[in-house]
Amino acid sequence: MAAVTQKATPPSPTSSVAAGASSVLVRREAAAVASALQDWNDDHTGKKQVASVVRSEPASNATNKGIQLLQRAQTCHPLDPLTAAEISVAVATVRAAGATPEVRDGMRFIEVVLLEPEKNVVALADAYFFPPFQPSLLPRTKGGPAIPSKLPPRRARLVVYNKKSNETSLWIVQLTQVHATTRGGHHRGKVISSAVVPDVQPPMDAVEYAECEAVVKDYPPFVEAMKKRGIDDMDLVMVDAWCVGYHSEADAPGRRLAKPLIFCRTESDCPMENGYARPVEGIHVLVDMQNMVVVEFEDRKLVPLPPADPLRNYTPGETRGGVDRSDVKPLHINQPEGPSFRVNGHYVEWQKWNFRVGFTPREGLVIHSVAYVDGSRGRRPIAHRLSFVEMVVPYGDPNDPHYRKNAFDAGEDGLGKNAHSLKKGCDCLGFIKYFDAHFTNFTGGVETIENCVCLHEEDHGILWKHQDWRTGLAEVRRSRRLTVSFICTVANYEYGFYWHFYQDGKIEAEVKLTGILSLGALQPGESRKYGTTIAPGLYAPVHQHFFVARMDMAVDCKPGEAHNQVVEVNVRVEEPGKDNVHNNAFYAEETLLRSELEAMRDIDPFSARHWIIRNTRTVNRTGQLTGYKLVPGSNCLPMAGPEAKFLRRAAFLKHNLWVTQYARGEDFPGGEFPNQNPRVGEGLDSWVKQNRSLEETDIVL
């Protein structure tokens, strides 16, 4: 169970980081370094700030032993997730800035996350302060000052909900000085900006869910309704507070609302009983989550509870009157010499791959700065940032309450905040490196999910094989992949998110759906057109799960370069004629996606459609432009009419692929606050209306 830890020794001020380099290189790059710091300061404060710099040694004193590193002023890389101490400082700073005691008392902390710096600051950190230590990647300029002695302070971005005023605000806090309390250090933060965001509702919190359940179970008409269904013990009742979405003006964000779904456990004392197998139909409840009161209640229809069945519970077979499989022998994963990967903080190296592991309360796992070390060509960037930024689950049953079920599990709840603490031998196998995750709870306290992200190697069958039939000799290469993953639970469903890195240069994103279904109850003898009967009195409504991956690409782009474009490839059958006399000819046709409106694309298996993210300035050994192919997996579009209510919040589901020009702040495809959002087409649907050029730029998929 213990996490594998590897201690990284920070380089000393005299550590060599680039063999054969000289301080002449330092001076050439210094202007770009100072510019990077100044750009960051200008973008984040609106004021000119002077970076602290230290002069390099004259060229005459240079040696061929390498660049001399300056003392690092901080131990956290600019992309490392916020530490527990940093979160505490950010919360304390915002709370102290409240105008009145009432404002401070009403503050509820939805999210505290790292404000990721501009890409040029990340490049500076990677060049001189942290691995991969590649100063040659920065643009070279003549003259200028030397390398700064420290990076800009880290900053936190907070989403704060005021429970008394029903207002949502965004705060930026500079984390000037953060030391662990155990070392007796000081906690200092500085508010850089704050602003109220009108007409929005931020994500719900676990504390609110628990309070909502208690309020509903305490409501006398609800207690009576459950008695009519034969339930006297409220401890058996489960109340899941689903967000109301947006269906009409009644759902407007002026009130913070939830429309709970009701389930009921049996009389069993089983600690892992599947209460979701007994949905309570016919009860309508609307809860004001700001004031925690039931504002609407109606017992509309009495539907018998599905019969109790111990075989539906979560526990091993013998505890449910059955047996588990007994014909499976042990299978061991053994790495006696340890793993092939190396971890330094959040920086990971494996085979020719290197990247950084990040984590946010909303997205969960984030992969930063993905690159591949390619022989004499060195470290070749592939992507700035990879993550799943949204997921939507629309239900296709028009009956109440299922027609209202269209959960935005990232934007309304938070995938990261619902993550698991993983256990070796169950969730992951082999030699494992775990990463913890820290986030704030509703009242501003810091919570830690230990062993939240799992990093391990997996055997993946055969990578390549060939046998010479003349000689009978065969060559085979085993395939191995590095997997980074986390798992979260949102009510009844579990989602496993996996990023796989392969030895042949492939990156694969995978999502595994597990857990259990969100079910409905049936009258005796009843069946539903829009669902599948799975047990007596029980059916599963049809629904879809859409996962949106955001890929900020940088194929063969050094820091500061924006030399990518996207080409669509379709396989065409040649027209019959002199070029196709045998009617067997087909070829790949490429089309450059020149603008954002042109780049709203859908999959097409009939033409083997795929897309290539190309570098417009770099060629491979055959003289062709280098690129990475985006290959769609199993996919579809929403099974809903164009006027479906959930599509006003999820317009990004209308196409399988969107391509945009990178712009800071364009992160979430449905906008930052999809909960009760009345605005049509917020997010991707509005960004692309700018119709920015994609012919050569910084590309986001």
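Glycine too: its Cβ is placed from the backbone N, Cα and C atoms.
TrEMBL annotations: computationally assigned, not manually curated.
Within the listed segments 1-20, 441-460, 461-480, TrEMBL records region 'Disordered' for the stretch 1-20. In the shown protein chains, 21 other C-beta atoms lie within 10 A of the C-beta of ASP409 (active site, proton acceptor). Residues near TYR493 (active site, schiff-base intermediate with substrate) in space but far in sequence (CB under 8 A, at least 6 apart, same chain), listed by position: VAL393, ASP409, LEU513, THR514, GLY515, ILE516, SER518. Per DSSP, the domain 'Copper amine oxidase N3-terminal' (202-305) is made up of 30 helix, 26 strand, 48 coil.
In terms of DSSP secondary structure, the compositional bias 'Basic and acidic residues' (321-330) contains 0 helix, 0 strand, 10 coil.
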